[in-house]
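Participant: Following this message is one structure expressed as structure tokens.
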Amino acid sequence: MAGSLTHHGSPNPGYSTNNNAVPVPVITQTESRDKWSKKMDFLLSVIGFAVDLGNVWRFPYICYQNGGGAFLIPYILMAIFGGVPLFYMELALGQFHRTGAISIWKHICPIFKGIGYAICIIALYVSFYYNTIIAWALFYFYSSFSSILPWTNCDNVWNTPDCTNYFGMDNITWTNASRSPAEEFYTRNVLEIHKSSGLRDVGGVRWQLMLCLFLIFTIVYFSLWKGVKTSGKVWVDAAAQIFFSLGPGFGVLLALSSYNSFTNNCYRDAIVTSLVNCLTSFVSGFVIFTVLGYMAEMRQVEVEDVARDKGPSLLFITYPEAIANMMGSTFFAIIFFVMMITLGLDSTFGGLEAIITAVLDEYPDQFYHRRELFVLCLVVVCFLGSLSTLTNGGAYVVKLLEEFGVGCSIIAVGFLEAIAVSWFYGIHRFSNDVQAMLGKAPGLFWKVCWVAISPAFLAYIIVSSLLKAPPLALFDYKYPDWSIIVGYIVGLSSFIWVPIYMVYKLVWTPGSLKQVGGCVQSPETVSDAFSSNVTSASFSRVPCFPQRLAVCLRPERTIPDIHAENLNMATVP
């Protein structure tokens, strides 16, 4: 990940709070948080996270599956009314509150703090399979250093009688049993998936892939240990694709933007990153469609028979076949897989930095001065968690984690995040936070999207995906029913922390669940509270809630003291 931070001291700011009094912000003296040394570092880091391997394989497949060019209409609409507003919201939240995915909820709505823990667990699940895909790319990169690429012919030890080579040949008979050299290289040499009968028997660990993964995590560790320094059905699919592509809800945008200066133009960053992301998807789609059409013509079959498997298969079968047909194929194969590795690493850096920032901000006394040790432990956990994906049947595990480890869980987390910010924290308060940073409040379009359209768009994805879940399959393997149940348990294991923390917060917070606290008046925003011309209109009446619930819903910290210099406020010792 491109980027560097300038160190300015501990990230543990001091606040003054009193749950039994009117929540008036008090500024205390403290050291400021780390900041990006250059604006371009932040922008490249966010783009590096948003533009990942999914842009190369997921968008083209879904686009083709849903009618090609016709798919662009719902995709663009979902981007405008759902994805980009949520992307903008997360950048603004992280930049204003300047803290990670866990501790930020003390500023917004404490009872939703479980969202932060859920985000960290989901990020762990992603690291268990995503880095394995990068390891596959590294294996291909090593294999590309050959005068003849190993996936261009059927003369290798891993090939079977079904291998059919159509490179430079005419009158090729392609049957349902036929397999291209690139497909057999991927399935029988890289994965060795033929040695596994399924999830009940995944086989042994592939030492070659384990070595590749070890190298990947070594790069990850030395990039992160000191900080972020180097580092209908159609509508459902359109909504899901834009959400997973831009990445709101993963905590990465909160983490990266928390290191921005207070007055950074996060609105422009959101627009630029979204455009780059979507354009990258479009270009990948054009390339894939061209290659699939050529492969279908050479095999004399339909395009859908070429793109039989969704996911990384497009990345490791279709693209290598296309490269093998080019002049200077060895050179272009090396360049292509270097690109794949860097795309994957950028997203990995972002995902793990989300966990690191969240934990260090929440537990600064325990971990802040032990960052190197914490990052090492995190990388070791991720490596051990990835071992099952390095077996002969590891591709089956990757598919299961991809579908259920993230899937509905991250969308549900994003939905709750949008609800908590827009409805509980308050759209007016949030809009004024943005105005304090940018000098201009968000327009009506953004407010409507944040309050209604974006939450509705996420709720639609959740309901539709649960009601119309397609059968899970990879290559010729159909996932058994028990594995689907395991998948749902994995998905629930992250989201379950949201209600668990809500119950914990209600139980351990002082006060009565029956006695209704007095309705107090509190400043709606920081700018109102400290403005020189405060009037009664600057205050809004807080609804009456039971005492304990009111405390759980009310932000524990009204204003980060680290913004005192930005708002021209005097600090108090």
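Backbone N, Cα and C atoms are what each Cβ position is placed from, and that goes for glycine too.
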Participant: In TrEMBL, C163 is listed as disulfide-bonded to which of the following: C120, C154?
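Facilitator: Disulfide partner per TrEMBL record: C154.
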Participant: Let me know the most crowded of the recorded positions, choosing from V51, C154, C163, L343 and counting other Cβ atoms within 10 Å.
Facilitator: V51
Participant: Looking at the binding-site residues G48, V51, S245, L343, whose Cα is closest in space to that of C163 (disulfide bond)?
Facilitator: L343
Participant: Round to a whole number and give the Cα-to-Cα distance in Å for the pair L343 (Na(+) binding site) and C154 (disulfide bond).
Facilitator: 30
Participant: Just the number: how many Å between the Cα atoms of V51 (Na(+) binding site) and C154 (disulfide bond)?
Facilitator: 35
Participant: Can you list, in sequence order, the residues of the same chain other than G48, A50, V51, N55, S245, N277, L343, D346, S347 whose CB lies within 8 Å of the CB centroid of the Na(+) site?
Facilitator: I47, F49, D52, L53, G54, G247, T280
Participant: Among the binding-site residues S245, S347, which residue has its Cβ surrounded by the fewest other Cβ atoms within 10 Å?
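Facilitator: Fewest other Cβ atoms within 10 Å, among the binding-site residues S245, S347, is found for S245.
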